[in-house]
Amino acid sequence: MEFLVVQFLTGLASAASLFLVASGLSIIFGVTRIVNFAHGAFYMLGAYLAYTLTERLEGAFGFWGGLVLAGLAVAALGALLEIVLLRRIYRAPELFQLLATFGVTLMVQDLVVVIWGPEDLVGRRAPGLRGAVEVFGQMVPSYDLFLIALGPVVLGLLWLVFKRTRWGVLVRAATQDRDMVAALGVNQKWLFTSVFALGVFLAGLGGALQIPRDAVSHAMDLRVIVEVFVVVVIGGLGSVFGAFVAAIVVSELNAFGILVMPKISLVLVFLVMAAVLVVRPWGLFGKPEGPARQAPGVSIRPWRPFSPGERIAVAAGVALAALLPLVAGDYALTVGSEIIIFALFAASLHFLMTVGGLASFGHAAYFGLGAYGAAFAAKAAGLPMEAALLAGPLLGLAGAALFGWFCVRLSGVYFAMLTLAFAQITWSVAFQWVEVTGGDNGILGVWPSPWAAGPRGFYWLALAVSAAGIAALRVLVFSPFGYGLRATRDSVLRAEAIGIDRGRVQWTAFVIAGTFAGVAGALFAFLKGSVFPENLAIPTSVDGLVMVLLGGIETVSGAVVGALVYKALAIWLMSQTELSKLVLGAVIVVLVVAFPKGIVGSVEELRARRNRSEPNGAAFGAAKMEAAE
Amino acid sequence: MTTGATTTTGMKLSVSGLNSYYGPAHILFDVGLEVGAGEVVALLGRNGAGKSTTFRSIVGLVAERRGRILFEGEDVSALPTHEIVRRGLGYVPEDRRIFTELTVEENFLVGRQPPRAGAPTWTPEKLYALFPNLGEMRSRLGGRMSGGEQQMLTIGRTLMGNPSLVLLDEPSEGLAPKIVEQMADAILAMKREGLSIVLSEQNLHFARLISDRAYIIEKGRIRFSGSMAELEANPEVRDAYLAV
Ligand SMILES: Nc1ncnc2c1ncn2[C@@H]1O[C@H](COP(=O)(O)OP(=O)(O)OP(=O)(O)O)[C@@H](O)[C@H]1O
Ligand SMILES: [Mg+2]
C-alpha cells in the first residue's frame, strides 16, 4: 500500500514536465493551428542548456537561475524559428507544417551531438532539494515533491495570464478568429511570435526541470514528443486544462504500468487512449475541429490513368531496371533492391495520404510489422522464404486493421498524431519485449531461399514484387473504390450524401496501405537478413513522407519517383557526412518552403504550361486561386 | 483624373479605381466613394452587389485588390489590415464575428486601442451608456447573447479602437424593429460624437433614418451617388437597384 502511494507520487512528479511541454504545444496550436513537432527538440535543448548553465553558474541562485535562463534561451530560439520559418507556412496544409517542424527536429538532433557530444550527461542536483522526505515509511525525493507542487502552480499562472491580462485575452480571441483580431488593429505577427515563444518556453523549462531527475540524452526529444502527442490526444488539443489532466493520467499509467506489465507498459497507455478516442474523439477537454483546411493530394489538375504511350514507357522502364544485374555489381544491386523496396513502401503511403487524404506519421509501423512477421515466420515457424513473404504482411495487415479502426475516426492533425503514437507503441513493444523480438538486438539470420540468396536473384525478386504491388495500387486508384476514397478526401459531407460509408472506405484504405507496406517490410527483412526496432521507428515513417512529398504529393506517380531519388540521395549522403540528419532536416525544410509541389508535380506543371496556348493567363489564374485560399 | 487630388483634400476617406477579385472572379469594378469628416454615408445595394467586398477591400481583408484608398489624405492600400485599422479606420463585419468564448468586457478589451487625437475616445462605461443592454451583461459570454445584443457588441468592440471613421456592414440585418430603432439612435449618437460613418444596407428604410448621402452599388459598380433627397426624388433609380 505504502509503496503504491510512493509510486503514485513518482507519477505525479513526472507529470509536471509532461504537462509543461504538452500545454506549450496546445497553446501554440490554439492560435497558430500548427502542431509543432519541434516541441520535443526544444524540450531537449532546454535540458542541454540547463545542464551547461547549471554547471557554470554557482550556488542555489545559479542553479535555479540557470533553469529559467535555459527556458528563456530556448524561447528566444523558438521566436527565431517562428519568424524565419513558420511565418512562411501558416497557410500551408497541416502535413507541410508537421514535416517542416520535423525537419527542424532532425537538425537539432545532430547539432546537439555536435555541441554536447553523444554521451548521456548527468546534471547537478537541485540545491536544497537533494534529500528525500519520508512518506509512509518510504523515501520520496524532495525534488519530486517540488515538481508535484509546481504543476498546479504553473496551471494557475497560465490561467491568470489568459484570464487577467490583455495579452491572454487576445490569445483567446485569436484562438477563435485570428482574422477578426487583426481587423481590430492587433498585429497578428507579433501575437503569433509571442505565443510561440511562450509555448516553447514551457517546453524548454520542462526539459530543464528534468536534469536533476534524468540523464540528458539526444534521444529525449522523440520520447517526449510521442508522450506529448498522447497527452494532447487524450486531453484535447488546445486545452491547457486537458493537458494537465491527461499528463497526470499518462504519467500514472506509466508509473503503474511498469508494475503491472513491466515489459509492455506502454500498452496500458494505449488502451486508455483508445478508450478515450472511442468515447470522445476530440479528447476529454477538447472541441471538435472543423475539417482539415485542405487535405493533401487535392489537385487542380485532374488525375488520369496512363495513356498507351506512357504505359509503354513505364513498361520499358521496368524492363530496363530488370536488365540492371547484367551491368551492375553486387553492392549496386543491393542498394537497388533497397530503393525498389522503398518505392513500394512510399507508394503504399501515397495511397493512404494522397488518394485518401490521410497523412499518416506512423506508416513505418506496418512496414516494420511486415518485417517482423516475415522474421517470425522464417525463424520461429521455420517457413521457407516464399511462405514467409506471404505470412509477414499479414502482421502488417492485422496491425493496420487494429490501429486504423481508431485512426480513421479522426482527421487532419489528430490523425497524424494518433498514427505516430500507435507507431511508437509498436516500436516500444518491439524494443521492450525482448523474449519475442530480441529487443535492441533484433532478429538475425532471416535468409532468403537459395535461388534468391545472391544480390541478382534478390534484386529480381524485389523488382517483381514491388512492381506488381505498385501496379496493383495504381489500379486501385482508378477503380470504383479509388474514386470513392477520393470522394471522402475531397468532401466528407458530399461523399456521405451519395451513400459512401466514409469510415469503412477509409479504414479499408488504411488496411490496404498497411498491407502493402507490410509486403515491403517483409522483403526488406530478407534483404537485410535481419529485423530491428528501428524499422518501425519514427525516422522510417518520415522517410516515407519525404519521399511522397519530394516526388509530388498531388501526383499519382510521385511516390515512386520520390522514393528513387530520396533513397539514393540518403544512402549517398550517409556515406559522405557524419551529419546526415542535419542535411536531411535542412532538405525537408527547404522542400516544404520552396518546392512544395515536388519533382513530378513540377514536371507536370511545366508540361501543362507548355501545352497551353496562353501560358501566362493560365499561370495568372492559378496564382490568384492560391492567393484566395 | 487630374482633379482627383484637389477634390479629395479634406475628405476623411476617398476611394477610387477599386477593383477586387476572389480568385479568378472579378467582383468590384472601379469603385469610388468619398466620405467627409463627420458625415454618414450609405452604401446601398442588393444581395451580392458588392457592399461587403467594398468594405473588406478598404480594410485590406481581400487579398487581391487594386486601387487607391486615401484615408485622411494618405494612401493606405499597401498596408496590412491591422495598420489600416490602427490609423483610425474601424470596421464592423456583417456577420458580427464576436468572440463567443469571451465575455462582453473581454470582447471590448480585444478592440481597445490608445486614444487618438481628432477622434472620440470610448471607454466600456461610455459604451454601456450607448448600449444599455450590454451594461446588464458585462460578464456574459458572447455566445450567449441575442442577435441584437451581438450586433451592439460588435459595434462597441470596434469603437473601443477609438476610430475616426467606421465602416458598418448591414448593422440592421436580421434585427427586430424595436432594436433597429435603438440601433439608429446609437448610430446618430456616434455621429454626434464626431465620427464619420459608412454603412451598408440593402434597402432604404434604415439608411434614410440616419444618412446624409448615399451611393448605390450593383454588380460591383457604383450606379448612383447623391444626397438622400436626390435619391428620394429618383424613384426609378431606387426601383432599379434596390430591394423594395
Ligand atoms: N469569399 C468569396 N469567394 C468568392 N466569391 C465571393 C466571396 N464572397 C463574396 N463573393 C461574391 O462576391 C459578390 C459580392 O459579394 P458581397 O458579399 O460583397 O455582396 P454584398 O453586397 O455584401 O451582399 P449581401 O447584401 O448579401 O451581404 C457576390 O457575387 C458573391 O457571390
Ligand atoms: Mg454583405
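The backbone N, Cα and C atoms fix where each Cβ goes, and this holds for glycine too.
Per TrEMBL, the features are:
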| type | residues | note |
| --- | --- | --- |
| TRANSMEM | A:6-27 | transmembrane segment |
| TRANSMEM | A:63-86 | transmembrane segment |
| TRANSMEM | A:98-117 | transmembrane segment |
| TRANSMEM | A:145-162 | transmembrane segment |
| TRANSMEM | A:224-249 | transmembrane segment |
| TRANSMEM | A:256-279 | transmembrane segment |
| TRANSMEM | A:312-333 | transmembrane segment |
| TRANSMEM | A:340-367 | transmembrane segment |
| TRANSMEM | A:458-485 | transmembrane segment |
| TRANSMEM | A:505-527 | transmembrane segment |
| TRANSMEM | A:547-570 | transmembrane segment |
| TRANSMEM | A:582-600 | transmembrane segment |
Long-range Cβ contacts under 8 Å made by the transmembrane segment (A:458-485), restricted to residues 6 or more beyond its ends, are 303, 305, 318, 321-322, 324-325, 333-334, 336-337, 340-341, 343-344, 347-348, 350-351, 355-356, 389, 448, 452, 495, 500, 505-506, 508-509, 512, 516, 519-520, 523, 526-527, 556-557, 560
For the transmembrane segment (A:340-367), the distant same-chain contacts (Cβ-Cβ under 8 Å, at least six residues beyond its ends) come to 94-95, 98, 292, 295-298, 321, 396, 399-400, 403, 407-408, 411, 415-417, 419-424, 426-427, 459, 462-463, 465-466, 469-470, 473, 476-477, 482, 485-486, 488-490, 506, 509-510, 512-521, 523-524, 527, 535-538, 540-545, 547-548, 551, 553-556, 558-560, 562-564, 566-567
For the transmembrane segment (A:145-162) against the transmembrane segment (A:6-27), do we get 3 or more Cβ-Cβ pairs below 8 Å once near-sequence pairs (under 6 apart) are dropped?
yes
Near the transmembrane segment (A:98-117) in space but 6 or more residues beyond its ends, with Cβ under 8 Å, are 34-41, 44-45, 48, 51-52, 81, 85-86, 89, 216, 218, 221-222, 225, 359, 361, 413, 416, 542, 545-546, 549, 579-582, 584-589, 592-593
